[in-house]
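Just below is one structure, and these are the notes that go with it.
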Amino acid sequence: MMILQVNQLSKSFGADTILNNIKLEVRNRDRIAIVGRNGAGKSTLLKIIAGQLSYEKGEIIKPKDITMGYLAQHTGLDSKLTIKEELLTVFDHLKAMEKEMRAMEEKMAAADPGELESIMKTYDRLQQEFKDKGGYQYEADVRSVLHGLGFSHFDDSTQVQSLSGGQKTRLALGKLLLTQPDLLILDEPTNHLDIDTLTWLEHYLQGYSGAILIVSHDRYFLDKVVNQVYEVSRAESKKYHGNYSAYLDQKAAQYEKDLKMYEKQQDEIAKLQDFVDRNLARASTTKRAQSRRKQLERMDVMSKPLGDEKSANFHFDITKQSGNEVLRVQDLTISYENQPPLLTEVSFMLTRGESAALVGPNGIGKSTLLKTLIDTLKPDQGTISYGSNVSVGYYDQEQAELTSSKRVLDELWDEYPGLPEKEIRTCLGNFLFSGDDVLKPVHSLSGGEKARLALAKLMLQKANFLILDEPTNHLDLDSKEVLENALIDYPGTLLFVSHDRYFINRIATRVLELSSSHIEEYLGDYDYYTEKKTEQLELEKMNQQEETDKTPATVKSDSKRSYEEEKEWKKKERQRLRRIEEIETTVQTIEENISRNDELLCDPEVYQDHEKVQAIHADNEKLNQELESLLSEWEELSTEED
């Protein structure tokens, strides 16, 4: 079913054309990513589709009964309600129905036989409608979203207005997810999410019953969630089938194909023109030359494929090599003034050439640890020891090292006054600051431009140990790839914090998982880390199961169970645990089937066959309904108490 059509849409800001003849189609259960460079017009397009911006030309066609939900970047809720109360406002209509049902129940209790039948019919209709709209499920849905987005540990009395900006944005996302619109429009939904929350959101969106339109710079997320990609480049859009990786492959293959066709035509043109030039003046060949010239005139000459827009181009060098041991942290305890310790007795070591990713939930203290390592914060106790010849370069995710009042050129030149202006300008050019861009004040730059400027300063430092705090924040997808390639070739040592799992996978040789009291080390990339975490969880589950089997029967608070009661309780407990295992196995199979179906939808032979696509969507719909029912049963069984 068609949910939305965008036809020949154009948008300008002043003399600048941002979008030109954009075409986009959204069908039910489509998962569409809009990608492109920073400033390409992705967010502008989402705002137009959501009805928050006007446009000059084109049309947007949407059936009247289709609902849309839009989450803009940096959107946050501000309310005096508690976190849970705010999310429950989504279901005010169900609470009103529930109240009406309670009133009718009281009426039925007091009604005479003549009225009762009529009231019961009305009550049955209302109860069925309440059930169909999720009346018996919505509180569980709220709990699930609160848990998934990392709010389960908050006190029930926590008010929305007391949350940080990032937490308010997360809550706004949760509220939007609960509304279940037919078309979910998300602009950078992965901002402010830690890795656990990102994983939960991926699973949630994979099973979402409506269509999704996303702008995101998280490649791992896009690979997991989307099945179509629209690239916005040079104000125009182009559609690709499959996830983000498939889009990259198709784009590269199309460019190579177009380039070969262009070069072949250019060779043909050159040969024809050469024949005309050599033979036009000769009487014996004039007619043939004129024929070739007409052939040239009739030819539809191809434009040279443009390929990608200009990319940043940089690399990180070092002035001198460090000793083998680069950093040793021993029993480090860190706290803020008048606060309990954030980190306690943390220890780890880095050697030359390692690339270590520091991961952990939001608020655990990752950035605090990095700031302590560079001496911006002082530890309460413990030691930080650097090896011989270690020089440290630090990248701050908030770009606090930049001076907002300076010009871009001066920001670098003041730091390295010994370098000639030409070299400074060349360096800035490598980071896409050209011409008058270098004369802009720093405060006028976008987040992505500030990130590139901070990286330019870091490059000139030539330190042999780089400590990076969220270096991919604000960078577009292309700039992330350039940064990755530069860091892969970097001859020094790396310690970095990042929520970008694709980035971690490419860069990390070791993952350090930070908790409040220690660091757990994993010798591999992100995929290795997640594999080991899964193994650990499965092992813990097995151990808990064994403990449960060994544990003596629970004693009732008022009296001991009789032998028969004990026997019956054990029987039911075994049945409950067996059913949990059955559900978990079935859920895994269903999720694999959904994933397999999503992969099929990326196959050209399938997505070009409309009947096959409809059949797969119908199968996924059925699988998702079954999955929802099983997960609901699993939750009930898991929380069941004697």
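Yeah, the Cβs are placed from backbone N, Cα and C, and that goes for glycine too.
Features of the protein shown, as given by Swiss-Prot:
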- 4-259: domain 'ABC transporter 1' (DOMAIN)
- GLY36, ARG37, ASN38, GLY39, ALA40, GLY41, LYS42, SER43: ATP 1 binding site (BINDING)
- 327-541: domain 'ABC transporter 2' (DOMAIN)
- GLY360, PRO361, ASN362, GLY363, ILE364, GLY365, LYS366, SER367: ATP 2 binding site (BINDING)
- 541-567: region 'Disordered' (REGION)
Other same-chain residues whose Cβ falls within 8 Å of the Cβ centroid of GLY360, PRO361, ASN362, GLY363, ILE364, GLY365, LYS366, SER367, the recorded ATP 2 site, in sequence order: ASP194, THR368, LEU514
ATP 1 site shell beyond GLY36, ARG37, ASN38, GLY39, ALA40, GLY41, LYS42, SER43, criterion: Cβ within 8 Å of Cβ centroid: THR44, VAL232, ASP476
Rounded mean pLDDT for the residues that make up the domain 'ABC transporter 2' (327-541): 93
Fewest other Cβ within 10 angstroms of its own Cβ, chosen from the binding-site residues GLY39, GLY41, GLY365: GLY39
Largest tally of Cβ atoms lying within 10 Å of a Cβ, found at which of the binding-site residues ALA40, ILE364: ALA40
Inter-residue Cα distance where the pair is ALA40 (ATP 1 binding site) and ASN362 (ATP 2 binding site), in Å: 30
Secondary structure of ILE364 (ATP 2 binding site) (DSSP, helix/strand/coil): coil
Protein Cβ atoms within 10 Å of ARG37 (ATP 1 binding site), excluding its own: 21
GLY360 (ATP 2 binding site) CB neighbourhood, other CB atoms within 10 A: 20
Distance [Cα-Cα, Å, rounded] between ILE364 (ATP 2 binding site) and ALA40 (ATP 1 binding site): 35
Residue, out of the binding-site residues LYS42, LYS366, whose Cβ gathers the largest set of other Cβ atoms within 10 Å: LYS42
Cα within 10 Å of GLY36 (ATP 1 binding site) - qualifying binding-site residues among GLY360, PRO361, GLY363, GLY365, LYS366, SER367: none
DSSP state at GLY41 (ATP 1 binding site), helix/strand/coil: coil
DSSP three-state assignment for GLY36 (ATP 1 binding site): coil
Candidate with sparsest Cβ neighbourhood (10 Å radius) among GLY36, GLY363, the listed binding-site residues: GLY363
Count of other CB atoms lying within 10 Å of the CB belonging to ASN38 (ATP 1 binding site): 20
